[in-house]
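*Asks:* Structure provided below as structure tokens; questions to follow.
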There are 2 protein chains.
Amino acid sequence: MTTTEGPPRAAGWRWSAALAAALLWLAGVVLAAPVAHAEDGYALWLRYRPRPQAQAEEYRAAATELVAPAATPTQRATRAELLRGLEGLLGAAPVSSAAVSRDGALVVGTPASSKVVAGLRRELAGLGREGYLIRSLRVDGRQATVIAANEDVGVLYGAFHYLRLLQTGRPLRGLDLREAPRVQLRVLNHWDNLDGTVERGYAGASIWDWHKLPDWRDPRYTDYARANASIGINGTVLNNVNSNALVLTPMYLEKVAALAEVFRPYGIRVYLSARFSAPREIGGLPTADPLDPAVRRWWKEKVDEIYRHVPDFGGFLVKANSEGQPGPQDYGRSHADGANMLAEALAPHGGVVMWRAFVYSDEEPEDRAKQAYNEFVPLDGRFAGNVLVQVKNGAIDFQPREPFHPLFGAMPRTPLMMEFQITKEYLGFATHLVYLGPLFEETLRADTHVRGEGSTVAKVVDGSLHGYRLTGMAGVANIGADRNWSGSHFDQANWYAFGRLAWDPEASARDIAEEWARMTFAPDPRVTGPVVEMMMASREAVVDYMTPLGLHHLMGRGHHYGPGPWVEGGPRADWTSVYFHRATRQGIGFDRSTRGSDAVSQYAPPVARLFDDPATTPETLLLWFHHLPWDYRMASGRTLWEELVARYDRGVAQVRRMRATWARLEGLVDAERHAQVAAFLAIQEKEAQWWRDASIAYWQSINGLPLPPGHAPPPRPLEYYKSLEFPHAPGHH
Amino acid sequence: MTTTEGPPRAAGWRWSAALAAALLWLAGVVLAAPVAHAEDGYALWLRYRPRPQAQAEEYRAAATELVAPAATPTQRATRAELLRGLEGLLGAAPVSSAAVSRDGALVVGTPASSKVVAGLRRELAGLGREGYLIRSLRVDGRQATVIAANEDVGVLYGAFHYLRLLQTGRPLRGLDLREAPRVQLRVLNHWDNLDGTVERGYAGASIWDWHKLPDWRDPRYTDYARANASIGINGTVLNNVNSNALVLTPMYLEKVAALAEVFRPYGIRVYLSARFSAPREIGGLPTADPLDPAVRRWWKEKVDEIYRHVPDFGGFLVKANSEGQPGPQDYGRSHADGANMLAEALAPHGGVVMWRAFVYSDEEPEDRAKQAYNEFVPLDGRFAGNVLVQVKNGAIDFQPREPFHPLFGAMPRTPLMMEFQITKEYLGFATHLVYLGPLFEETLRADTHVRGEGSTVAKVVDGSLHGYRLTGMAGVANIGADRNWSGSHFDQANWYAFGRLAWDPEASARDIAEEWARMTFAPDPRVTGPVVEMMMASREAVVDYMTPLGLHHLMGRGHHYGPGPWVEGGPRADWTSVYFHRATRQGIGFDRSTRGSDAVSQYAPPVARLFDDPATTPETLLLWFHHLPWDYRMASGRTLWEELVARYDRGVAQVRRMRATWARLEGLVDAERHAQVAAFLAIQEKEAQWWRDASIAYWQSINGLPLPPGHAPPPRPLEYYKSLEFPHAPGHH
């Protein structure tokens, strides 16, 4: 820049120079303070970062003006999200307009809110309340894109889908998309306590600031609702299933109502975990017997009171007669008696009961895996119409791998909800990179065979197999107050995958990973290629280094953090590891065949036959169903012991590969997130090695076998691994 | 922008237009995603936002190049902070240079690291290890600014001071500043538990992620160190005084070492709260008797082990024989015996013991306020040379107002550290806007008279009164994992004020508020004027609506959240409210005069005389020292009862005024912070009213007096206020 007078044409250049200086200054501002924390993961997959210039131009031409209603809260939320997204992605928001006036119009609405959409009424048939279509078409002679739905919330879902197209770098021409959820209740379960701790939470404290509610509504609640709506989640259970009756008192109901009000525009209903003994604890009644008229009256009045606070309250989630929680069996009543009492109170308001099937009696059964089935199958058909039974994906407890729960397919007259665990209680907490998409997919695609081949768990859950009137899928949330919500950047993918699979239980875990990686990092194959490969291999890796070949429940007592195959004794045998692995000098594994506990017979005959024979049981589930000698010959030609050791080492090697892959992405991923993921992968490698070493040291102490050649011995004696204690491991409350 | 060919001079304009478009696009980017969360409070007072153009230009001319060493971690931290700050404030960082080459050079260093500074060696005399000078001078014929110190850490402090000049809009010409701290140990006390909770913490979970340490060093730890260094804090006690011996085990010492390594470049030493019974709990010894040779050996070895992990470990903080904590008295030994044992182990390494004087015996004394004095004064002179006794500002417990602790001035041969509470355990938690500067200042300026007039508490604490060889000030931190660190934007000011007063105990609370407000909001009198007025009035407001006229300890049991003047019974009388207010039908107040508990006699005679007579006792402390009839005549001419009611109403009215003032700042303060403060002020008003109503309802139940005319009766009966329960109030662990 110079102050010397120049020839006339230099005037323009001086202007340019001034502008350039301003531009540089502004760039400096951009690169200084605000960006410093921009990639801390808070924005999740809704980052809306600028697209490259060429693509942004193409997109801008397809989104020149926005024709969107703003009369209802949901309409305003939809419109705001589109403006925010397009402004972020394209550098400028489209012009708002009352009607289509130019090419590139984006028209959104319902038949009631948009004349253009009213013309599409016929095409909206079959999309229900939440479905939508996105279509390129001409409106008044102009090129336009329409996001249309029967109800506002469908338009909101469509808007997120539309933004996703831009975020993932998809073309916007010739669009013709139709989407409707295949599952009705797509619900997060927060195991959040009223004191701000989270049971099995690895992302900091609870995001619910009960103390400051209802007066302070943290903007984070709105971002929570946005993120959930973007993946179709339409319900949230605010409090832990190990619940506290106080949440049903007026002081807390006011707080619950404030949250419900924040979530409502985003199509999210609030549910509560109900403590079965609440009539005694806060109602002053001497009993909580579900057949006692005073108890029934108390619940009816309590439910009426809740609906006065939250007119669209979703209903109750209940953990009853399980792990010390109170329940109807305390009064000699059945789970159906208990559920139906609550259902009766909720029915007039349109609420539901989600009754958990994760129960096991105080007396130890011969096989804990069989108990939920034995307890619930006899009750099929006895539950009220607004009750769903919520069943974990497997019969034990969210292990790295379990066969699908035998209840799926076994209760044709009772809507069964799937319960997945998004938080990684048994899979290394937040620091282990484990993408759960393949675990969810494996369960959903499992074939129950109850109505012949193709009777998948997905078809049970979406209701198509048995014609359920209600359908649902629950995910135990991995959300906390950590800046990145989930404790790690990659754990966000598990929240995302849960939502996408709840919307469509037959979606592909790999496609979801690809979509998530494009949004969360960049739609750049140099990044998403390696990232998706890491994600897809990660679940098998954790199975390998923790519980290979169908082993399960081998973690340390209480904290569930590290290895504890030696855990024995204590209050009950089925809380120990030795109960589940049954290792002896001769062999290892839990015999659930017809010769053993006969758990296999809870499956439909074709599945039961498959699992009854070690030769036809998938090796991934071998020791779940069979007790086999250490020298049992595997498909690889190796002995069981050799194979076990090989799997441990394969798991560790895979983590090492993930680290190397991630290291190569330095420079392609922002430094802040790259550093955290790199540090976590280093922890994962160390801990994978720990699991492997501790497990092998223990098995050797039992079987006395030498390590196969080429495998390193554990560097420390077994006593060292047994001596480690973690009284303050997170999430253990 | 057009593609049509134009005359020659248009070429420049086309360029300009393209640049303008790019600029607008960039502006869009700036205004879109990243800024969305930029004012969430995370940056504290180190926001480094761009100064207005005119001032930025002036500043840029004074900071054209940076001549700064980068050989040590502290030098690199200093240099990085200057570049970050100047880049943020001025839009561009100065050029880095090995030597002064132009006007406007900024030269930083020590005599060892900078030739320029070496020339100033003589001027650095008397500044010690941590002091610095900032001076405008000419170097090699060029205009320059020099930040000079004897040691790297002094330069770092000077750099923060220099940046503060820019942040607060001060001129950079003709600088001639000399600063050195007046207190040696300026220490935060974290009451953080190993399970991630924080006792009396109102800003979310602990920022120490013990589980992921030592492998994952959250960048937040560095920002914590930066913030502390910026206000001169040079030590941090990581764990709760109600401590857990596990923090002294090898697994945790590795974690502690990782934090120490992050903090070291910022001049911050790590300390730990030591559990006195650790030799039994983790050492396997049968006793923790401080005179037992095995116990002494255990501590010596433990301390040696700590220093192997943390070579610059600061020492131990100990809460012994207080509120159930173990201590030397369990073995019939004195506090000096206990402290000296630890001191002996620490002395060879240069560590200190900070031994808390907040003790009271299991047997109830006739006046709890007298106990620390009675216990510790006889021990004066018996503590080892590296022991400090840490004394709370008042004799009860961090009340909204207490007279200065009688120990100050009473132990001339024992270094007494001040312990302030930054977290607002008794002052409304995070939602009440209460600036503690005036409380700190009131205590520090209080005159003990022990060496004649002017023997202020500040002079005790800074060591000048008694010639202490060690000096210190501790603040119980209000820091948690909440995004804004302190739970509210205004509570950041209390952290800030503590640090500034620890550096200079005679600094002015108002000046500090002004400085903080300029940095935290903007150096704009339209903002800072009203903000400082709010802050300065806020402490008297909370005294008025909670505990006017010297009342104290009237909060609800356990949670300390709301009013509980009716609290009585329970394990011990001096944990009740009625013990402290002693209200009867006839009168109210605790008689600590020579006619009562005689606590006044613990003060120097001139002070004791003042407090002994209701007529000369400041009305702000009246009921602390005197039991008076309800119709006692106050200076205002009102009766005591009328005055009490008037004070409650004055407190509520002041909060109402703060709300109105803040509402007028809408548009001048960013929307995000404005909204949160506004919501919190609404909560504060509601809760101030609650304190006032509940208190008045209770006093009326005791004195049977009608309300003075013009004051509204409590809207609910006393029983309502007594019925409120807060079992999950935060910070109560």
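Count begins at 1; order follows the chain as displayed.
Keep in mind that glycine also has a Cβ here, set from the backbone N, Cα and C atoms.
A TrEMBL annotation is a machine prediction, not a hand-curated record.
According to TrEMBL, the active site, proton donor annotation covers B:E323. What TrEMBL records for B:D397, B:E425 is active site, proton acceptor. Feature annotation from TrEMBL assigns domain 'Alpha glucuronidase N-terminal' to B:44-162. Among the features that TrEMBL reports, domain 'Glycosyl hydrolase family 67 catalytic' is placed at B:166-485. Residues or ranges marked as domain 'Glycosyl hydrolase family 67 C-terminal' in TrEMBL: B:487-710.
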*Asks:* When neighbour density is defined as the number of other C-beta atoms within 10 angstroms of a residue's C-beta, which of the active-site residues B:E323, B:D397, B:E425 has the lowest density?
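*Replies:* So among B:E323, B:D397, B:E425, the active-site residues given, the one with the fewest Cβ atoms within 10 Å is B:E323.
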*Asks:* Just the number: how many Å between the Cα atoms of B:D397 (active site, proton acceptor) and B:E425 (active site, proton acceptor)?
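*Replies:* So the Cα of B:E425 (active site, proton acceptor) lies 10 Å away from that of B:D397 (active site, proton acceptor).
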*Asks:* Give the residue counts of the domain 'Alpha glucuronidase N-terminal' (B:44-162) per reduced DSSP state, in the order helix, strand, coil.
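*Replies:* Reading the DSSP string over the domain 'Alpha glucuronidase N-terminal' (B:44-162) gives 47 helix, 25 strand, 47 coil.
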*Asks:* Where B:E323 (active site, proton donor) and B:E425 (active site, proton acceptor) are concerned, what is their Cα separation in Å, rounded?
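*Replies:* Between the alpha carbons of B:E323 (active site, proton donor) and B:E425 (active site, proton acceptor) there are 16 Å.
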*Asks:* Taking the domain 'Alpha glucuronidase N-terminal' (B:44-162) alone, what is its mean pLDDT?
*Replies:* 97
